[in-house]
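Pasting a structure below so you can have a look.
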Amino acid sequence: MSMSRLGLLLFVAILLVLLQSSTCLISSPSSIINPSKVKQVSSKPRAFVYEGFLTDLECDHLISLAKENLQRSAVADNDNGESQVSDVRTSSGTFISKGKDPIVSGIEDKLSTWTFLPKENGEDLQVLRYEHGQKYDAHFDYFHDKVNIARGGHRIATVLLYLSNVTKGGETVFPDAQEFSRRSLSENKDDLSDCAKKGIAVKPKKGNALLFFNLQQDAIPDPFSLHGGCPVIEGEKWSATKWIHVDSFDKILTHDGNCTDVNESCERWAVLGECGKNPEYMVGTPEIPGNCRRSCKAC
C-alpha cells in the first residue's frame, strides 16, 4: 500500500474518531451530567437545583420554538380532569414534542439521565412565558382526579427549566417545605420578592434546573410539594416544565377488555400484596382499568 493511500486512510480514521467524540459530547447524557453542580434545597419535598443544566443556546432555542404558538395556560379540574382557564395560572405557553429536533432530543436525554426516570414517562416539555404580574398560585402537580391518573399514573417528579433571568420576582416557592439541613444559605433573602419569602424559594436563573418530587418514597402524594410561581415584578420570565409520571405517558390507553398486565413487574407486585395495598393502580375501576388486572385476577 502506498504511503499516500495509507496517509489518507489514517486521516479518515482520525476524522471518524473526532466526529464520534464530538457526537458523544453533544448527545451522550453521561458526558454532560455533572453531579457537583447539583445542590439540595429541601428535604420535604425532595428538591434539587442543577446550576447550568442548559446552555444559553438550548434556552434560546426552546424560547424560539415556543414564541409563535403561545396560548393562555390552563389548569386541570380536580373533579373531571379537564383543562380549563383559571386566574390561578395567568401565564401563556405551548408544548414541544420530545423528538422535535436534535436539540430538544438532547435535552430530553439529559433530563432522563439526571432524574433516572425513563423518557417515555415524561410529558412533552411545556414552555411558559410570564409577563409582568403573571404568576401561578400554589398547587400540587400530582392529580386529584381519576381521569389524568389513568395515563401514566401520578406525576412522580417535576423539573422546571429556567430559560431566562428575571430582574425581580418570578421565583418558585414551596410554602410548606422543610429546608435541607446542610443547605448553603447563600441566597440573600433581601433579593427575594415578598411572595418568595413565604417559604423556601428558588430564583429563576437562565440555564438552571429545579427538580422536585411530588410523591414520597413510598409513592404517597407528598403534601410538602405544594409550590407556586411568584408574580413577575420586573422583566419577563421564560421557563419550561417537564412532568414525569410513575409509568409510561407515551403508552396508548386501550379499553378493549383484554385481560393483560401493563407492567412487567405486575406479577411480582401481586405476590407482595400490592393488589390490596394499591388497588387504584393495580386493579383500577370498570371505567378506568388498572395496570395489573391479570396478576390481580381481576379479569
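Note that Cβ sites are derived from N, Cα and C of the backbone, with glycine treated the same way.
From Swiss-Prot, for reference:
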type	residues	note
TOPO_DOM	1-5	topological domain 'Cytoplasmic'
TRANSMEM	6-26	transmembrane segment
TOPO_DOM	27-299	topological domain 'Lumenal'
DOMAIN	121-246	domain 'Fe2OG dioxygenase'
CARBOHYD	N165	N-linked glycosylation site
BINDING	K237	2-oxoglutarate binding site
CARBOHYD	N258	N-linked glycosylation site
DOMAIN	259-299	domain 'ShKT'
DISULFID	C259-C299	disulfide bond
CARBOHYD	N263	N-linked glycosylation site
DISULFID	C266-C292	disulfide bond
DISULFID	C275-C296	disulfide bond
What is the interatomic distance between the Cα atoms of C259 (disulfide bond) and C296 (disulfide bond), given in whole Å?
10
Cα-Cα separation of N263 (N-linked glycosylation site) and C296 (disulfide bond), in Å?
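About 12 Å separate the Cα atoms of these two residues.
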Ten-angstrom check, please: count other Cβ atoms within 10 Å of the Cβ of C266 (disulfide bond), all chains counted.
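Summing over all protein chains shown, C266 (disulfide bond) has 21 other Cβ atoms within 10 Å.
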Where the residue listed as '2-oxoglutarate binding site' and C299 (disulfide bond) are concerned, what is their Cα separation in Å, rounded?
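That comes out at 50 Å between the alpha carbons.
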Going by DSSP, is C296 (disulfide bond) part of a helix, a strand, or coil?
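Reduced to three states, the DSSP call for C296 (disulfide bond) is coil.
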Quick one: pull the CA-CA distance for C266 (disulfide bond) versus C296 (disulfide bond), whole Å only.
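One finds 8 Å between the Cα atoms of these residues.
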Using DSSP and three states only, what is K237 (2-oxoglutarate binding site)?
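Going by the DSSP assignment, K237 (2-oxoglutarate binding site) falls within a strand, counted as strand.
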How big is the Cα-to-Cα gap, in Å, between C292 (disulfide bond) and C299 (disulfide bond)?
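Approximately 10 Å lies between the Cα of C292 (disulfide bond) and that of C299 (disulfide bond).
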Rounded to a whole angstrom, what is the C-alpha distance between C275 (disulfide bond) and C299 (disulfide bond)?
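Computed Cα spacing between C275 (disulfide bond) and C299 (disulfide bond) is 13 Å.
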Find, for the listed disulfide-bonded residues C292, C296, the residue with the lowest Cβ contact count at a 10 Å cut-off, counting only other Cβ atoms.
C296
Round to the nearest Å and give the CA-to-CA distance linking N165 (N-linked glycosylation site) with C299 (disulfide bond).
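About 54 Å separate the Cα atoms of these two residues.
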Which whole-number mean pLDDT does the model give the domain 'Fe2OG dioxygenase' (121-246)?
91
Which residue counts does DSSP give the domain 'Fe2OG dioxygenase' (121-246) for helix, strand and coil?
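Counting residues per DSSP class in the domain 'Fe2OG dioxygenase' (121-246), I get 13 helix, 52 strand, 61 coil.
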